[in-house]
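Record features (Swiss-Prot):
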ACT_SITE  LYS165  active site, proton acceptor
ACT_SITE  HIS284  active site, proton acceptor
BINDING   ASN113, THR163, LYS167, ARG285, HIS317, SER369  substrate binding site
BINDING   LYS191, ASP193, GLU194  Mg(2+) binding site
MOD_RES   LYS4  N6,N6,N6-trimethyllysine
MOD_RES   LYS191  N6-carboxylysine
SITE      LYS324  site 'Transition state stabilizer'
Amino acid sequence: VGFKAGVKEYKLTYYTPSYETKDTDILAAFRVTPQPGVPPEEAGAAVAAESSTGTWTTVWTDGLTSLDRYKGRCYHIEPVAGEETQFIAYVAYPLDLFEEGSVTNMFTSIVGNVFGFKALRALRLEDLRIPPAYVKTFQGPPHGIQVERDKLNKYGRPLLGCTIKPKLGLSAKNYGRAVYECLRGGLDFTKDDENVNSQPFMRWRDRFLFCTEALYKAQSETGEIKGHYLNATAGTCEEMIKRAVFARELGVPIVMHDYLTGGFTANTSLAHYCRDNGLLLHIHRAMHAVIDRQKNHGIHFRVLAKALRMSGGDHIHSGTVVGKLEGEREITLGFVDLLRDDFIEKDRSRGLFFTQDWVSLPGVLPVASGGIHVWHMPALTEIFGDDSVLQFGGGTLGHPWGNAPGAVANRVALEACVQARNEGRDLAREGNEIIREASKWSPELAAACEIWKEIKFEFEAMDTL
């Protein structure tokens with residue numbers, strides 16, 4: 001026989017510290033927690049093997065291909081500061097292992113089997129470097145930031161949104177009424193909640209019709225372009241596209257999808273439809289915390305954000321840094337830049353393990369949403385800058401005078417913050433003062449300031465470096 005059968009150590013084949021990474025390799029950084037007694041090199045090599053060409057033994061068909069051409073390689077291992085049992089393993093994958101334009105296939109390979117691997121106590125994918133050669137096989141976001149601004153004719157400020165609440169139980173007509181009030185008051189967008197699909201109390205077609213009516217009415221009264229994220233997420237891809245087609249026929253500007261529960265295949269199909277038909281696509285990340293919240297196991301959200309930019313979406317929820325949901329500031333800003341910018345430098349202080357070059361793939365607007373209200377406006381304006389969507393659900397609808405005044409309060413607060421920033425004032429230091437000044441001539445804002453002056457969601461973030 002030309003080979004020796006039996007179980008052999010992965011590190012003999014898959015640990016190659018002298019390997020020079022290629023410009024076309026997909027690079028991954030894994031946080032590896034090996035079982036006691038498993039050396040880090042063996043664990044890192046095992047990850048490289050099991051997520052590429054390896055299996056647990058030598059097989060005779062290995063001789064029919066060139067392992068050197070196709071194998072993943074663990075090319076560097078470093079300890080994690082402050083964690084004795086954890087290591088960062090860097091793995092390089094040859095580009096030929098992946099189908100072009102398929103996020104689904106990329107994830108099936110890189111995070112498919114290997115996460116259940118016995119020799120590892122835990123495994124987390126911290127970051128991916130997508131090479132330009134692979135990026136170029138994706139359409140990416142249907143439109144991107146600049147095209148969206150041109151479609152909406154809104155420049156020089158963040159966009160304002162609001163999720164309609166109560167999220168489940170309203171009839172379509174009452175739902176449309178709530179949409180109209182918010183848009184008339186000064187918001188740019190309203191949003192279907194992620195779990196509003198087509199339930200017995202409100203079927204999707206009724207909702208689409210009433211929301212569109214609300215949108216056109218608000219548009220004609222305010223002279224501004226308005227949008228409502230019509231959630232097209234459905235149980236089958238065919239049904240999802242049917243809903244998107246109906247939205248296009250109604251002439252609305254934007255639809256929405258839950259990309260993790262819907263899946264990357266469905267999401268990419270919808271993104272292609274949206275580009276072909278001039279619809280913007282808002283992406284909600286329902287289920288992300290199942291995957292990304294544990295510090296030592298799962299996939300970090302920055303990887304899910306990169307995957308979404310490849311699969312396609314014009315907006316994606318990305319934490320607030322200040323509200324009720326998870327998000328450490330530097331880490332959040334790291335993946336916000338990954339979503340918006342063309343070229344992002346490696347920066348370990350922001351959790352960025354690799355330099356990412358998107359080669360002019362359109363950008364995605366980060367959406368800050370979850371437990372935010374008018375007092376957060378200066379911080380949000382400073383942290384996220386102009387290219388973002390700030391979404392106040394309860395922070396609009398919870399206004400004591402109703403939805404429209406709640407919308408007015410948010411719009412006034414935003415315009416005041418943008419003006420103050422443009423005049424050179426420091427929003428971080430003078431934020432409260434700016435909001436107070438503005439509330440003197442806006443009774444709606446004054447009422448909002450009063451009701452939310454004490455609300456805080458202060459817990460330590462789990463997602464620290």
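Just so it is clear, glycine is given a Cβ too, placed from its N, Cα and C backbone atoms.
Distribution of Swiss-Prot features across the structure.
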| residue | record | Cβ neighbours (10 Å) |
| --- | --- | --- |
| ASN113 | substrate binding site | 10 |
| LYS165 | active site, proton acceptor | 16 |
| LYS167 | substrate binding site | 14 |
| LYS191 | Mg(2+) binding site | 30 |
| ASP193 | Mg(2+) binding site | 18 |
| GLU194 | Mg(2+) binding site | 22 |
| HIS284 | active site, proton acceptor | 28 |
| ARG285 | substrate binding site | 23 |
| HIS317 | substrate binding site | 23 |
| SER369 | substrate binding site | 24 |
Checklist outcome for this item: Same chain, |i - j| six or more, Cβ under 8 Å of THR163 (substrate binding site); the result in sequence order is THR190, LYS191, ASP192, ASP193, SER369, GLN391, GLY393
Checklist entry - Using Cα coordinates, what distance in whole Å links GLU194 (Mg(2+) binding site) and ASN113 (substrate binding site)? => result 29
Item to check | Nearest-integer angstrom distance between the alpha carbons (Cα) of ASN113 (substrate binding site) and HIS284 (active site, proton acceptor) | outcome: 26
Item to check | Cβ-based neighbourhood (8 Å from the centroid) of the Mg(2+) site, residues LYS191, ASP193, GLU194 excluded | outcome: THR163, ILE164, LYS167, ASP192, ASN195, VAL196, TYR229, ASN231, MET256, HIS284
Item to check | By Cα-Cα distance, the member of recorded positions LYS165, LYS167, HIS317 nearest HIS284 (active site, proton acceptor) | outcome: HIS317
Next on the checklist: Which secondary structure state does DSSP assign to ASN113 (substrate binding site), in the simple three-class scheme?
Outcome noted: helix
Checklist entry - Rounded to a whole angstrom, what is the largest C-alpha distance between any two of the residues ASN113, THR163, LYS167, ARG285, HIS317, SER369 that the record assigns to substrate? => result 37
Checklist outcome for this item: Taking only the CA atoms, the spacing between LYS165 (active site, proton acceptor) and ARG285 (substrate binding site), expressed in whole angstrom, is 18
